[in-house]
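Feature annotations, reproduced from TrEMBL:
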| type | residues | note |
| --- | --- | --- |
| TRANSMEM | D:6-30 | transmembrane segment |
| TRANSMEM | D:42-70 | transmembrane segment |
| TRANSMEM | D:82-106 | transmembrane segment |
| TRANSMEM | D:113-131 | transmembrane segment |
| TRANSMEM | D:151-174 | transmembrane segment |
| TRANSMEM | D:205-224 | transmembrane segment |
| TRANSMEM | D:236-254 | transmembrane segment |
| TRANSMEM | D:259-278 | transmembrane segment |
| TRANSMEM | D:284-302 | transmembrane segment |
Amino acid sequence: MNDIGNETYRVRMTGISKRYNTIQTLDNVSLSLRPGEVLGLVGDNGAGKSTLSKVLSGAVIPDAGTIEIDGKVVSFSSPADARSEHVEMVYQDLSLCDTVDVAGNIFLGREPRRRILGVPFLDKKRMHDEARAMLDRLGIVIADTGLKVENLSGGQRQSIAIGRAASFEPSVLIMDEPTAALAVAEVEAVLDLIRAVSARGVSVILITHRLQDLFLVCDRIQVMYEGRNVAERRIEDTSIEDVVNLIVGRKFQARSARRSEDNGVRP
Amino acid sequence: MNDIGNETYRVRMTGISKRYNTIQTLDNVSLSLRPGEVLGLVGDNGAGKSTLSKVLSGAVIPDAGTIEIDGKVVSFSSPADARSEHVEMVYQDLSLCDTVDVAGNIFLGREPRRRILGVPFLDKKRMHDEARAMLDRLGIVIADTGLKVENLSGGQRQSIAIGRAASFEPSVLIMDEPTAALAVAEVEAVLDLIRAVSARGVSVILITHRLQDLFLVCDRIQVMYEGRNVAERRIEDTSIEDVVNLIVGRKFQARSARRSEDNGVRP
Amino acid sequence: DTFALVTINQQALFFNQINEGAQKAADAAGAKLVIFNANNVPSAQNDAMENYITQKVDGIILVAIDVNGVKPAITAAKTAGIPVIAIDAQIPEGDNVAFVGVDNTKAGEDIGKFYADYVKANMAGTAKIGVIGALNSFIQNQRLDGFKKAVADSGQKITFLDTVDGQNVQDVALTAAENLMTANPDMTTLYATGEPALVGAVSAVTSQGRTGDVKVFGWDLTKQAVEGIDAGWVTAVVQQDPAGEGKAAVEALVKLKKGEKIEPIINVPVTIVTKENVDQFRGMFK
Amino acid sequence: MANGSVVSIAIFFLVVCLLFSGITDAFLTAPNLLNIVRQSAPLLIVAAAMTFVITTGGIDLSVGSVLALVATLSAVTLQAGLPWPLVIIAMLLLGAAVGAIQGFFIAYERIPAFIVTLAGLSVIRGIALLITGGYSIPVEATSPFTVIGRAWFLGVPVPALIALVVLVVAYLVFNETRFGRYVTGIGANAEAVRRAGVDTRLTTMMVYILSSTAAAAAGIILAARLGSGSSNAGQGFELEVIAAVVLGGTSLFGGRGTLVGTVLGALTVAVIGNGLILAHMSPFFTPIVTGTIILVAIWLNFRLFRGAIRSR
Amino acid sequence: MANGSVVSIAIFFLVVCLLFSGITDAFLTAPNLLNIVRQSAPLLIVAAAMTFVITTGGIDLSVGSVLALVATLSAVTLQAGLPWPLVIIAMLLLGAAVGAIQGFFIAYERIPAFIVTLAGLSVIRGIALLITGGYSIPVEATSPFTVIGRAWFLGVPVPALIALVVLVVAYLVFNETRFGRYVTGIGANAEAVRRAGVDTRLTTMMVYILSSTAAAAAGIILAARLGSGSSNAGQGFELEVIAAVVLGGTSLFGGRGTLVGTVLGALTVAVIGNGLILAHMSPFFTPIVTGTIILVAIWLNFRLFRGAIRSR
Ligand SMILES: Nc1ncnc2c1ncn2[C@@H]1O[C@H](COP(=O)(O)OP(=O)(O)OP(=O)(O)O)[C@@H](O)[C@H]1O
Ligand SMILES: Nc1ncnc2c1ncn2[C@@H]1O[C@H](COP(=O)(O)OP(=O)(O)OP(=O)(O)O)[C@@H](O)[C@H]1O
Ligand SMILES: [Mg+2]
Ligand SMILES: [Mg+2]
């Protein structure tokens with residue numbers, strides 16, 4: 001991880017605003033991210049976390065604001081633009097094609113091809129082999145990469161979305177509640193993955209409501225409230241209780257986010 | 001909560017099996033639930049938790065097995081049958097109608113009506129008033145109960161699904177990962193809700209991957225693994241580490257499910 | 001003066017020739033002619049007539065689809081003082097001032113009689129015949145009924161094989177005609193009740209290589225039909241004079257306008273075109 | 001989308017009306033406007049019912065055929081001497097029965113609506129053709145039956161009054177009853193509605209009963225107005241109805257329906273047809289102009305209202 | 001559903017074939033079978049392209065009109081003395097251009113495909129009418145152009161060969177290329193495909209270019225076969241094509257398409273039409289029997305394969 005004092009940013013978003021009809025979803029929000037840094041983005045439901053990250057992934061076009069990637073001002077008019085700047089995102093609603101199979105979803109938009117008589121056909125064997133390897137790496141049990149994703153369990157679907165975003169050498173990886181539907185071992189695998197990619201210099205934005213996870217992988221935490229930035233903390237300078245209070249906007253006793261032994265759980 | 005030794009069951013499912021093509025999703029699974037009891041149902045992704053609970057809610061018809069409610073054998077051929085036995089469920093995929101408004105989704109299938117000239121028209125005012133009251137009770141911020149749910153945030157959508165299931169005097173309430181998308185204060189509200197309804201005698205099945213929550217509300221935990229029952233524990237007799245090992249099926253070190261201070265989080 | 005012509009569709013040459021004849025006559029009389037195409041929808045004709053009545057045109061010429069269904073509109077026109085002339089399809093007990101055209105049943109009998117005579121003279125009095133019709137067309141059904149009646153009256157040994165529905169669309173008629181020939185390898189003659197059916201029949205006979213042993217009879221000349229007549233396997237085609245009908249209808253309206261009297265039935269005769277007289281029609285298809 | 005679309009089609013409708021008022025003198029006269037509503041009564045009635053069908057995510061291609069069958073059978077039964085009130089009741093019941101059969105296959109046997117009603121289209125028109133033998137069957141002009149299609153009441157044509165009643169009832173049912181709610185819900189997420197304990201199959205079958213019954217009512221009105229039953233009636237009517245509904249802003253994918261939009265869509269189609277006749281458009285240009293007007297106008301409205309409809 | 005449906009339509013197809021082989025002698029003869037494939041070549045070609053359109057969740061109602069326009073324009077240009085290879089190329093380009101215009105409105109301006117192509121249906125057939133003035137325009141029987149519709153090659157009719165090539169290419173593109181993948185993906189979840197960085201608008205426009213070009217090819221074949229171009233060619237063709245596609249198991253909601261199913265669906269429709277004539281069915285019964293066969297057979301297959309299709 002780089003020196004926090006360093007002024008080279010991978011991502012700098014400034015003055016981002018977005019309005020939907022009557023709701024000001026984002027109101028002059030900023031966000032910055034250094035190479036290899038893991039930023040935890042937290043906030044109440046409806047605070048605008050997903051919308052802000054979709055702005056960075058090109059899926060939402062903001063009403064105002066600028067985005068710089070590696071010091072260069074960019075303007076994303078579609079996710080394809082963001083992808084070509086190596087920004088990848090795991091969407092909260094997963095964005096899978098239900099009637100396409102597991103391998104097809106993982107490689108969507110980047111299918112490997114091989115030329116037969118000069119015509120670029122899909123290389124299905126390679127797709128299935130690589131998909132299998134990728135799932136195994138993430139510790140995901142899916143019987144067959146040829147299954148359509150519509151019938152998979154919630155956690156299996158989420159794993160596919162994660163596998164897709166993480167596998168194509170992103171330089172910025174945005175994960176919007178990637179572990180919400182995952183069981184305990186799979187959560188560990190995702191946290192390991194985040195540590196591994198950030199060690200390789202990938203910048204990561206992690207949106208999650210599992211606050212304890214933040215303290216396992218993040219370098220910094222940014223808190224949003226009703227569409228605005230309200231606080232930013234280096235991980236060393238904060239605690240779960242502090243973050244809870246920032247999210248809720250007042251002093252709040254959250255038993256589910258407290259240290260386990262207080263809840264009567266035997267060590 | 002009733003005496004665990006008591007032989008009056010609210011729900012008894014025995015020998016439930018379900019096969020999808022090549023996958024034996026449920027294999028001779030049993031489940032029992034006493035009045036007012038809160039059962040935690042846990043297991044790896046794809047273990048069959050959602051499918052089992054859908055059998056109880058009538059959304060999936062099992063290949064084999066019997067269900068008894070209050071000692072009476074029932075056979076659910078549709079969710080309407082289960083609803084008439086007061087079984088309510090919050091589905092993992094939420095099951096909302098995107099183009100219907102918030103109030104409409106909350107009251108779906110149970111819209112209040114008033115007669116004008118003998119014709120039963122929807123009582124829209126009452127729907128919106130009661131929906132507003134219900135959301136406030138759960139601490140959910142949604143600007144307008146007339147908004148279509150398609151544009152709500154992930155957590156807002158989940159809150160609506162919870163509000164719907166909890167509000168109609170169920171005698172069995174099944175919650176399939178109800179807190180996955182919720183922020184910290186909303187999670188607390190849901191846990192409070194579970195405690196409150198179970199105190200009123202409602203039996204609750206809670207499926208969750210947030211293991212620490214189990215220890216806050218459950219009386220008993222049942223663990224599934226690849227479509228089978230593998231363990232059952234009274235909450236007093238177990239610990240997070242124990243549950244993690246049962247879920248994963250072997251000794252497993254999960255930092256994200258350990259006591260917080262081991263993770264370097266300052267108390 | 002403004003006259004309105006309400007027609008059935010514009011996908012058959014026949015109706016377009018009515019339009020042309022009427023247009024020429026209107027130009028000659030210095031009147032304005034507006035044309036409405038109902039695209040085969042019966043109620044659209046009523047709609048159009050009602051619209052013209054509110055607009056107070058000076059006369060309406062009507063080629064009816066549903067001869068009963070247009071009666072209320074004709075009555076409404078009469079009440080409004082607007083004369084209606086029916087072309088091609090007669091209105092039973094209608095309030096129209098005149099009918100211009102062909103008696104389809106009668107002309108069907110004519111070609112039926114011609115056919116029976118031909119069978120008697122050239123096929124030793126026995127023949128098997130297949131029919132390509134258009135079941136949804138009132139006048140084409142009349143043509144078939146008249147034809148059948150004349151054939152039955154003739155006493156020749158003629159067997160009616162299948163009737164297939166060409167739906168008044170060329171490609172449908174072609175497919176139906178091909179299948180008709182496969183179904184009845186022993187068929188010796190074909191009768192097509194309208195222009196699309198005849199085009200389909202002619203193409204089918206060629207494509208199935210049956211020009212040697214099937215004789216075609218039908219309605220409404222086209223270039224392919226003329227070529228078939230030249231080659232000898234299209235025997236006879238009923239040719240109407242649609243332009244003449246259109247012209248006669250406009251002229252009748254003009255006369256009425258001047259206060260003159262007209263005949264209630266203005267007959268425009270048909271011609272049965274054969275090798276002998278085909279030359280006089282050749283010019284139409286250059 | 002539904003709301004943006006209603007505004008869009010409303011503006012479009014006004015523009016078309018203004019246009020024709022400018023071009024032709026006859027357009028903006030009471031008799032002509034009454035003509036338009038009388039002529040479009042069958043379209044309005046069936047389009048209202050079709051809005052329910054399409055909002056569930058279904059489609060009914062058989063309405064034109066049902067209309068033809070009912071028109072011919074009304075004429076046949078009247079000719080056979082049946083009293084006219086009996087004929088009307090029998091025909092409406094026939095429509096409901098046809099809808100129930102089609103709805104059964106769609107809702108309970110889960111066969112795609114497109115296939116079922118396309119088969120229905122073929123079979124039902126075939127029966128009409130068989131009954132009439134391709135000829136048209138007259139209805140006595142003196143029969144009180146024809147009142148339904150021709151009479152005026154309080155200065156308004158009876159078919160228009162019938163359409164008005166049907167539209168008001170349809171609007172209330174669609175927006176103010178449980179049934180209407182479930183129709184929208186089924187189109188949005190049928191499984192969610194089923195899980196809410198609603199009998200989605202019955203609801204689905206009901207919408208097809210509605211559309212076929214509406215088609216039967218349209219057939220009765222048409223037979224009464226024309227004084228004749230012809231198996232040719234209502235050819236291509238299904239596309240016209242669906243076009244009116246879709247033009248009004250109801251989504252073919254289900255879940256978004258608007259009855260106000262449907263009424264505007266149907267009237268727009270009717271006004272364009274009427275206006276072009278009054279403007280003495282050459283019949284060769286009519287289809288070209290009709291299609292172009294619709295496309296360009298919808299396009300302009302989509303451009304103007306894009307922001308309102310859905311912004312990314 | 002796609003797989004279960006293909007099995008279902010395949011069995012249905014076999015049953016229909018066996019039935020007609022039993023009832024009629026002429027059915028199972030080489031000339032008749034070749035007739036069937038020749039007659040259905042235009043249907044097969046357009047249905048293959050329509051499978052792409054419907055799989056994206058779209059629809060193209062204008063194919064019958066494009067077919068008519070191309071058929072008439074081919075005849076007109078040949079009459080004007082243009083060399084036949086030029087005519088073919090120009091007509092295919094015309095088809096592509098029409099598709100691009102419609103696709104532009106659908107993909108880039110987001111106007112519902114139903115409205116755009118319904119307007120297209122009206123405008124394009126209007127243009128064909130205007131060009132021909134209602135006359136059917138002959139193609140010289142001696143022109144090499146007619147080879148496309150009438151000639152035989154290696155004992156197989158040329159139209160059937162063209163259809164075969166189109167189908168093989170379509171199958172490969174649909175199942176083995178990125179483009180085919182995105183077509184399915186757009187039907188399943190267009191936003192997901194867009195988020196994956198795919199230009200979904202271009203892909204959507206392309207499928208309409210495909211369908212219009214295929215309709216143009218069908219128009220060329222038809223003009224060559226009939227030896228004449230008529231503006232009433234291909235009336236109702238769009239419904240026939242869509243029926244073949246849906247019968248084959250492609251879902252009108254998009255995301256699930258099968259080309260094998262489409263071929264079987266199209267051939268089934270063609271075989272029923274052919275077989276009923278061979279069986280000397282009265283034309284009055286033909287539509288009734290056709291509709292009933294389709295419905296009953298699909299129903300039986302849904303019952304038998306329900307388990308395989310989707311169990312709850
Ligand atoms: N397309 C849209 N149209 C209208 N309103 C929208 C749209 N997208 C988001 N919103 C509104 O913007 C607000 C922020 O939504 P967003 O999804 O960004 O929240 P979030 O912080 O991700 O919440 P959660 O933690 O629940 O996922 C919500 O109130 C939501 O209703
Ligand atoms: N309709 C279906 N068709 C085919 N397979 C299915 C279907 N429903 C579930 N399955 C399979 O059954 C298995 C169990 O699924 P289920 O959703 O019950 O898991 P779960 O325990 O809820 O997992 P998660 O924690 O990820 O939600 C999965 O492997 C899934 O792929
Ligand atoms: Mg979010
Ligand atoms: Mg689950």
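Every residue gets a Cβ built from N, Cα and C, even glycine.
The highest tally of CB pairs under 8 A with the transmembrane segment (D:82-106), across D:113-131, D:205-224, D:236-254, D:259-278, is held by D:205-224.
Counting Cβ pairs closer than 8 Å and at least 6 residues apart in sequence, the transmembrane segment (D:205-224) and the transmembrane segment (D:284-302) reach fewer than three and form no contact. Comparing D:42-70, D:113-131, D:151-174, D:259-278 for CB pairs under 8 angstroms to the transmembrane segment (D:6-30), the maximum falls on D:259-278.
Away from its own ends, the transmembrane segment (D:259-278) comes close to residues 2, 5-6, 9-10, 12-13, 16-17, 19-20, 23-24, 26-27, 32, 35-36, 39-40, 43-44, 47-48, 50-51, 167, 170-171, 174-175, 240, 243-250, 286, 289-290, 293-294 of its chain (Cβ-Cβ under 8 Å, at least six residues beyond either end). When Cβ-Cβ distances under 8 Å to the transmembrane segment (D:236-254) are tallied for each of D:42-70, D:113-131, D:151-174, the top count falls to D:42-70.
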